[in-house]
Amino acid sequence: MNRAPLKRSRILHMALMGASDPSGEAEAGKEKPFLLRALQITLVVSLYWVTSISMVFLNKYLLDSPSLQLDTPIFVTFYQCLVTTLLCKSLSMLAACCPGAMDFPALRLDLRVARSVLPLSVVFIGMITFNNLCLKYVGVAFYNVGRSLTTVFNVLLSYLLLKQTTSFYALLTCGIIIGGFWLGVDQEGAEGTLSWTGTLFGVLASLCVSLNAIYTKKVLPAVDGSIWRLTFYNNVNACVLFLPLLLLLGELQTLRDFSQLGSTHFWGMMTLGGLFGFAIGYVTGLQIKFTSPLTHNVSGTAKACAQTVLAVLYYEETKSFLWWTSNMMVLGGSSAYTWVRGWEMKKIQEEPSPKEDERSSMGV
């Protein structure tokens with residue numbers, strides 16, 4: 001029996017709701033030998049780690065490299081959105097020319113759909129811009145702690161916007177994350193490397209990531225549930241909205257005076273950053289598909305830990321015991337929250353419905 005391909009709308013739903021795809025996992029377990037399945041998972045997780053970590057280090061180079069000395073964070077973000085837009089359109093045209101070679105939805109710019117996606121696009125712009133601004137002002141080692149409040153905002157916004165309550169144990173893990181965040185800020189200050197500007201941008205980035213997840217669920221029907229269509233419209237809208245910002249902030253003038261404007265190395269690095277930005281969305285969905293949303297979150301936490309260690313080694317930094325403790329609190333709290341939510345979801349799924357209880361009590 002052939003397995004039906006897992007739609008990206010289903011992948012996103014799984015990621016947001018914390019539910020796995022049991023039918024797919026069961027079929028995969030029956031159809032594929034253990035070693036082959038293990039090898040596939042290893043390759044997919046490795047691809048996610050390499051793509052994500054490489055993107056962070058490359059963006060840090062583009063945003064705050066002494067050798068480049070380019071102070072245009074909005075332009076860097078705009079260019080990455082432009083690359084993603086062009087890649088989406090190119091893959092759509094390629095899929096239309098070679099229907100059997102690849103599976104990619106047809107993309108045609110519809111202004112009505114673009115307007116429907118616009119509220120999400122504003123949040124999306126805030127998310128990617130504040131992420132890059134945070135990375136510009138803080139070190140890669142502190143980057144994960146600086147943006148660690150996403151889980152806390154998820155809980156807060158779920159209550160304020162969706163009226164969803166959170167269990168005591170989940171709230172306890174959020175308390176650990178907040179404690180780790182404040183300890184990290186304190187230790188960065190003690191070492192003289194704290195940037196309040198970068199920390200503020202990190203908090204705003206965390207807020208936008210949470211809002212992005214909520215608004216994505218609302219906007220998906222406008223693009224027929226297609227993540228690629230949503231990616232295309234989000235980045236098209238972002239490119240348009242970034243243009244007045246580039247003019248107002250004077251980044252076009254700064255770019256005009258940039259000494260390496262004609263350098264192929266510079267544009268190669270910029271384009272590579274755009275490719276990584278496009279690829280991270282694909283490999284994230286791929287990791288969820290081959291593992292589960294819970295495993296994806298655990299993998300992301302472990303990746304953040306590895307990224308922090310690599311940054312400390314690469315930039316030859318020396319960190320205190322309390323600084324490392326703050327990182328472990330943030331990563332441990334995030335992992336604990338993921339485990340608690342997964343356990344609660346599993347418990348809900350295993351609980352019999354009221355009708356089943358009635359039937360069992362009646363002996364039916």
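Glycine residues also receive a Cβ, built from the backbone N, Cα and C atoms like all the rest.
What TrEMBL annotates here:
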TRANSMEM  34-57  transmembrane segment
DOMAIN    40-334  domain 'Sugar phosphate transporter'
TRANSMEM  77-101  transmembrane segment
TRANSMEM  113-130  transmembrane segment
TRANSMEM  142-161  transmembrane segment
TRANSMEM  168-185  transmembrane segment
TRANSMEM  197-215  transmembrane segment
TRANSMEM  227-246  transmembrane segment
TRANSMEM  266-286  transmembrane segment
Worksheet item: Under 8 Å, at least 3 Cβ pairs, sequence separation 6 or more: does that hold for the transmembrane segment (266-286) versus the transmembrane segment (34-57)?
Response: yes
Worksheet item: So which residues does the transmembrane segment (197-215) touch in its own chain, when a touch means Cβ under 8 Å and the partner is 6 or more beyond its ends?
Response: 16, 119-120, 123-124, 126-127, 130-131, 133-138, 142-143, 146-150, 152-154, 156-158, 161-162, 185, 188
Worksheet entry | Residues of the parent chain within Cβ reach of the transmembrane segment (113-130), under 8 Å, 6 or more residues beyond its termini | 73-74, 77, 80-81, 201-202, 204-205, 208-209, 211-212, 215-216, 218-219, 222-223, 229-230, 233-234, 236-238, 241-242, 277
Discussion item. Over the span of the domain 'Sugar phosphate transporter' (40-334), how high is the average pLDDT in this prediction?
Written reply: 91
